[in-house]
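Asks: Please read through the structure below; I'll follow up with questions.
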Amino acid sequence: MISSESPVGIFDSGIGGLTVVRAMQAMLPAEQIIYFGDTARVPYGSKSQVTIRKYAHEDTLTLMKYQPKMIIIACNTVSALGLDVVESTGKGVTVLGVLKAGAELAVRETLNGRIGVIGTQATICSNAYACEITALAPEIQVFSKACPLFVPLAEEGFINHPASKLIAEEYLDELLCCNIDTLVLGCTHYPILKTMIQEITGPDIRIIDSAEAVAAGARTLLADNALLNTATTTRTPHLLVSDLPQKFQSLYTLFLSASHVPDVELVEV
């Protein structure tokens, strides 16, 4: 029986989705979060659509064991190619994806109708953000740029490193020349680099953090359905992984700005 006490399930192909956990904890600290990172099969972006949809089904089944009141897809690839699979496997559980949440917020925020999107090679090549944005507002122009080095830079903790800034300037220069007024961070790793990116774009360009966008959407939907946990205690997330990377502890600390890493459970999918 789903109630306000039921957990919120979040899954990603790896550890990038921890930025969604961070955003959820900031906005909804009383919610019990079950996070599953499919670290044994990362990355998803290089897999076929058939395989990605299979993984989406299996990841959802992993979370359904905990009877969640909501499932958040913190993976842009699954958001683009497997949303319907998660919805059907979830059997009526509300499903949110970072892609749609980020696209909707970008459409609301742009003033000049020129939106930039940065993401991994797979996400940009899929054209998923551009399709989602133009489906919402056909008159908007979308300019996309793959930034493949941002993920390793984030995972190495090179957040304010001079080399990172040089790479970011090279990536963003093309988009800035397109007179965009809104920039979507189309990868869940990228919020780690948000401050540096904002320094390069300047204050006049609105940065859309898809992790924050999906957390805000979750808060609204939970409240609308009387499923918001109103407890005053802050809950520690329950972490599940399909393989335990050597750097998981340091990455968790980096992504959540946390001094303590909770126990991590190894699960089979």
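Numbering starts at 1 and runs along the chain as displayed.
Using N, Cα and C of the backbone, Cβ positions are placed for all residues, glycine too.
Sharing the feature lines straight out of Swiss-Prot:
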- C75: active site, proton donor/acceptor (ACT_SITE)
- C187: active site, proton donor/acceptor (ACT_SITE)
- D12, S13, Y44, G45, N76, T77, T188, H189: substrate binding site (BINDING)
Asks: Quick one: which of these recorded positions, D12, G45, C75, N76, have their CA within 10 A of C187 (active site, proton donor/acceptor)?
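Replies: For C187 (active site, proton donor/acceptor), the recorded positions whose Cα atoms are within 10 Å come to C75, N76.
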Asks: Could you check what DSSP calls S13 (substrate binding site) once collapsed to helix, strand or coil?
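Replies: In three-state terms, S13 (substrate binding site) counts as coil.
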Asks: With the cut-off set at 10 Å between Cβ atoms, which of these active-site residues ends up with the most neighbours? Options: C75, C187.
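Replies: Sorting the candidates by Cβ neighbours within 10 Å, the top entry is C75.
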Asks: Hey, for the substrate site built from D12, S13, Y44, G45, N76, T77, T188, H189, who else sits with CB inside 8 A of the CB center?
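Replies: Apart from the listed residues, the neighbours are G14, G16, G17, V42, P43, A74, C75, V78, T120, T123, C187.
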Asks: For a quick check of packing: other C-beta atoms within 10 Å of the C-beta of T77 (substrate binding site), how many?
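Replies: Other Cβ atoms found within 10 Å: 27.
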Asks: Between Y44 (substrate binding site) and C75 (active site, proton donor/acceptor), find the distance joining the two CA atoms and give it rounded to the nearest Å.
Replies: 9
Asks: If I take the alpha carbons of C75 (active site, proton donor/acceptor) and S13 (substrate binding site), what is the distance between them in whole Å?
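Replies: Just about 6 Å between their Cα atoms.
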Asks: For S13 (substrate binding site), which residues of its chain lie six or more apart in sequence with Cβ-Cβ distance below 8 Å?
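Replies: In sequence order, the residues whose Cβ lies under 8 Å from that of S13 (substrate binding site) (at least 6 apart) are G37, D38, R41, V42, P43, Y44, G45, Y55, C75, T77, V78.
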